[in-house]
Amino acid sequence: MSLNVVILAAGKGTRMRSDLPKVLHPIAHKSMVQHVIDTANSLGSQAIQLVYGYGADKLQASLGEQQVNWVLQAEQLGTGHAVAQANANINDDDTVLILYGDVPLIQQSTLNALLDARTHDGMAILTVDLPNPSGYGRIVRIDGKVVGIIEQKDANEEQLQITEVNTGIMAVPGKQLKVWLSRLSNSNAQAEYYLTDIVAMAHEDGVAIDTAQPQSAIEVEGANNRVQLALLERAYQTRAAEKLMLEGANLRDPARIDIRGEVTVGMDVMIDINVIFQGKVVLGNNVTIGAGAILIDCEIADNAEIKPYTIVEGAKLGQAASAGPFARLRPGAELKEDAHIGNFVEIKKSVLGVGSKAGHLAYIGDAQIGAGVNIGAGTITCNYDGANKHLTVIEDGVFVGSDTQLVAPVTIGKNATLGAGSTICKDVAENELVITRVKQRHIQGWQRPIKQKK
């Protein structure tokens, strides 16, 4: 049997009070529906049907080249009607897994348990026990066996006391699913075609109905408004923080960290408060991340340190390298072993060699800097001529004095010294001292202009 996943994502989400389709609202910097698609892919599904409606242009622009079949639900007439739109893409021998684009925290392990619970040619539904089941469809059992699902608005007083509720997530044999969908009626309080009605049909047809439950109820919570969205965000962040701690990271305060991607950590990593991780971030052993740092798609080697309020994006730090506080590493930047940049240093598309330092107030762009180099405060690599970028090469052992401009393309030879305040436009040979300052003048008795009173 092939696994065919149907994701329902057609709703507008009026209670979000937004022009953005509900399923595109983000959890951890990724749309809710993208979380669901990623989980479906992790199951090894052979096909994914994405049922869409409101905001089609925005959905397709956001999801881009996803490996999904786009299935239009022109009118939103209920969950059963939504699934029926995908009938043409469902084979009789498929196992059809039905998911929801606004339920982003469902786990692969839970869905595997649901699929494992389904007997051959039977169906399995994901249920959860809630202390306050108000608003949810109730699971109706007779002698322990599931016989149907009753929606809140259609339930009687006895049924309203049931605490086991329907999550909407189910695994159904393709052949029977299409038959049951064709038999759905909208004769109910909402005048909609309820997908849940197929459970009673399965019972009537003698089909086995099994159940599974998630490890946590938050997995099956949806977001209909921004308050619920924030609750899901916090649950996601709590789970992500716990994962980091179990893998060897020390979090100063697990409630004050934001993980918006995939973070891999070594042992004894220390992460201070209000740190943001985005994209793919790799931290080696004994790495220290200071408060307020932002790390995006970067690699930090063993014993390196990111000091407070430093931004590292698309960059690499070698062993025992350090950056910050208040430094910025832009894409293509690399600090080799024991290299250091300090406060208010920006480095882009450049390599700072082993043991080299730029302590403060410098811009390093499109540069190859060797080992043991000192970059003085206020140094700027002038890499852009208004049309093209040019390379600055600074070889091993160079000392660059404060307030120096290097006008690229230019090469500074080994162990050269550039005097403070110099503008370097030509190559410098090894071991040379170069000073380009104008001659200092002394004007005696100089009077500063006096501001005229109005």
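The backbone N, Cα and C atoms fix where each Cβ goes, and this holds for glycine too.
When Swiss-Prot records Ala377, Asn383, Tyr384, Ser402, Ala420 as binding acetyl-CoA, the matching candidate from Arg437, Arg441 it lists for that site is Arg437. Neighbour count (other Cβ atoms within 10 Å of the Cβ, all protein chains): 16 for Asn374 (UDP-N-acetyl-alpha-D-glucosamine binding site). The binding-site residues under consideration are Asp102, Glu151. Their Cβ neighbour counts within 10 Å are lowest for Glu151. The number of other CB atoms found within 10 A of the CB of Ala377 (acetyl-CoA binding site), across every protein chain shown, is 18. Largest Cα to Cα distance within the recorded acetyl-CoA binders Ala377, Asn383, Tyr384, Ser402, Ala420, Arg437: about 23 Å as a whole number. Cα of His360 (active site, proton acceptor) to Cα of Glu151 (UDP-N-acetyl-alpha-D-glucosamine binding site): a distance of 64 Å. The region 'Linker' (227-247): residue composition by secondary structure is 20 helix, 0 strand, 1 coil, according to DSSP. The Cβ of Arg330 (UDP-N-acetyl-alpha-D-glucosamine binding site) has 17 neighbouring Cβ atoms from other residues within 10 Å, across all protein chains displayed.
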